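In what follows, a structure is listed as structure tokens, so that the remarks can point back to it.
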Amino acid sequence: MARTKQTARKSTGAKVPRKHIGSKQAHKQTPVSSSSGGVKKVHRFRPGTVALREIRKYQKSTDLLIRKLPFQRLVREIAQEFKTDLRFQSAAIGALQEASEAYLVGLFEDTNLCAIHAKRVTIMPKDIHLARRIRGERS
């Protein structure tokens, strides 16, 4: 199929009323060709735009990033290996979650710095290893 130039169309700004079709069967029988302009193209943002928006959103917020119940299940599962039938106060699990999220955010910040130092924008496992090694957590 040959390429053709598309001309800009002016928008009226008002919503066009839809044609009411009696049943789903009638809708399936009427083919809509893509060349007639009946099918609307799905809007997609450029790569990285949504990521930057999410970064700004999470930097503004102070709420917890991990959902509470999955974190609670993880804590109970890990504690089960040391002693069975342990009970936790909700404040204790909240404190564990605050501390672990603060640790992970700090680790990812250091990991990002390691990736930037290597002239990359993508973090890799070796960046995490280097960040932990510099911190003195792992030799």
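Numbering starts at 1 and runs along the chain as displayed.
Yeah, the Cβs are placed from backbone N, Cα and C, and that goes for glycine too.
Fair warning: this is a prediction, and the values are worked out from it, not measured in the lab.
Going by Swiss-Prot, these are the annotated features:
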type	residues	note
REGION	1-43	region 'Disordered'
MOD_RES	Lys5	N6,N6,N6-trimethyllysine
MOD_RES	Lys5	N6-acetyllysine
MOD_RES	Lys10	N6-acetyllysine
MOD_RES	Lys10	N6,N6,N6-trimethyllysine
MOD_RES	Lys10	N6-methyllysine
MOD_RES	Lys10	N6,N6-dimethyllysine
MOD_RES	Lys15	N6-acetyllysine
COMPBIAS	16-27	compositional bias 'Basic residues'
MOD_RES	Lys28	N6,N6,N6-trimethyllysine
MOD_RES	Lys28	N6-methyllysine
MOD_RES	Lys40	N6-methyllysine
MOD_RES	Lys40	N6,N6,N6-trimethyllysine
MOD_RES	Lys83	N6-methyllysine
Exercise for the section: Measure from the Cβ of Lys40 (N6-methyllysine) and count the other Cβ atoms within 10 Å, all protein chains considered. Expected result: 6
Practice task
Just name the most isolated of the modified residues Lys5, Lys83, going by other Cβ atoms within 10 Å of its Cβ.
Solution key: Lys5
